[in-house]
């Protein structure tokens, strides 16, 4: 069996140890993994298990357990992320209401729960009950008056500042990686980069706690993006329990892809949307097997969240709507206009936010993260309190904007003038003229729109957990609702116009403003993130509005086209670029350069650092390691012929020599290191040689010096390579690493090639 193993590039010959030494084949922090190598190692492992399983019953059971461990990990991820999401939802509800008042019958009840359990509530005043008291009422005993308003205002701002200060301090002290949304980093990690500690236990704990604080403080941010990070932390946690995943970075990436799907599934209550989001937006390598597993993880997570029932409405979805009216072809015009608005807002947001984040990185602003968070929270709270639409939590605002005005709605947006002699069934209410409440609501919404647009630019990217889904949806929903009311009033007052004549008769319910809010929310979210398919699926799973898929698709596609006209990358790609993560995106490489233009060493650089197969001593190897910081070294037959044999990783080399010096007698500084199969005959006086064929990769990936660069980029992207050797007629010329490729691409796009994070 040995010769066969040899060909595979991982021969089983190891002189001083039967099994490989610990940590062989692992990677340093901030390095890229080699997907090909991980894949072949997993195949070897699988082959071994299959061979062994025929030997005994116990080995057979072990092989079954190994096969099922993937599904078990998915089950655990689903359970934990669903539970955490439920706890976060409940805590956010309670703490958001804590800024305004407190429930006297049970301190841990939110406003809504408090008044549900009360017997004194009437249906018209659902949110008023004696058990729920605002702070000023509790302290002074008065419910009305300027002093009461000022006191409530002051306490609202104070609570908001307290929450955000606590959040930023916890992130600062315990887990610096818990800030931001986490999706740009997760995209980078899934593309094969290693950021140690980014998905660790501390990050999970602190992110969960500070996410509740950040959302409750009333800042313009959502919990959806960070929930993806939280779910990926859960995935990483369970990976460490199974050696199949903990020892293979490639396999771990598959689990993390599925965990990202579970994260979106619990963030929105949209399991299918979660799987598609993982496929479209975050994953780099997504085999069919991962698709089924993501589906299972998302299902378990959604089921767990549903059993916790955090929204108290026995529904999984965040904003459930029931519209009874169909939409008409003519309405596609305002829907497409909302799509254009979404694309423009996406472009504006990305440009301004990136410019502001760059300032934060390059000026003294970045040295005071705590102060920045407190100032932004202060401004947000002071401006948000007077306007009822910005005072409450953003998801409640979206929920109200999506809502259709039924007969029992008490919202200001539903203050229409009723026709006194109307004798119709309750649920189909005809279009009516807007009352004074609607007009004042429109003013407040217009102010809220401007406020949200401006404040979100400064909020996203601060040193606290902050998601982008909910604020972008809020911007779109406000704009959409305003457009919806405008169209509705036009249709009511001008039903004899040619466009309304066909579908809008007097006394019929023909325009649903809530639908416009839904379409606007989808358009703005699409403009910022550039999602299309997963966005539409998330939106209709979120709202349950199944027959409105076409308007949603029209708006999503329009917003993507408009936003792409101004710049190709979405907010996550822009943040990846800003932070300089080595991420190869899926864009086409169109420049006509060759491998020889990109490879190192260049013309005037020192020659390539090499090892020879049987003439290097241990001391030479140690000197080479000390003098260079390369990730690996090509092995050639001899310095004269430079014919390539294989490639050896720096980390494996260090560990092998260290291990040999400790465990093998006779290995000294002038022992010869050789990578050949059989040791050459040496005189007895010479020190014992050190055989390192075991750690040599005999099948490194090579291209010739005339390979076009677009092919090389494609190879790196599709195979997930870490480095690739360049040869000419069998002779080694140079090496191209993933970072060389990224540098070259940045150079071709006239960007600073040194902006990519190098270690």
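Here the Cβ of each residue, glycine as well, is placed from N, Cα and C on the backbone.
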Transmembrane segment according to TrEMBL, located in which of 281-306, 411-436, 489-514, 515-540: 515-540
Candidate ranges 255-279, 555-579, 580-604 [criterion: TrEMBL lists as transmembrane segment]: 255-279
121-143, 328-350, 627-649, 650-672 - the range that TrEMBL marks as transmembrane segment: 328-350
Selected stretch (most C-beta pairs under 8 A with the transmembrane segment (153-175)) from 195-215, 227-243, 328-350, 370-389: 370-389
Considering the transmembrane segment (227-243), which listed stretch of 68-92, 195-215, 255-279, 328-350, 515-540 counts the most C-beta pairs under 8 Å: 255-279
Chain residues in Cβ proximity to the transmembrane segment (370-389) (below 8 Å; excluding those fewer than six residues from its ends, i.e. six or more beyond): 153, 156-157, 160-161, 163-165, 167-169, 172, 217-220, 360, 397, 412, 441, 444-445, 447-448, 451, 455, 458-459, 462-464, 478
The transmembrane segment (255-279) versus listed stretches 68-92, 195-215, 441-461: most Cβ pairs under 8 Å: 68-92
For the domain 'CBS' (599-663), the number of residues DSSP places in helix, strand and coil: 24 helix, 17 strand, 24 coil
Residue numbers, six or more beyond the limits of the transmembrane segment (441-461), whose CB comes under 8 Å of its CB atoms: 180-181, 219-221, 345, 348-349, 352-353, 356-357, 360, 376, 379-380, 383-384, 387-390, 397, 412-413, 415, 468, 471-472, 474-475, 478-479, 481-482, 485, 571, 575
Overall pLDDT of the domain 'CBS' (696-754), taken as the mean: 89
Within the domain 'CBS' (696-754), residues counted as helix, strand or coil by DSSP: 24 helix, 19 strand, 16 coil
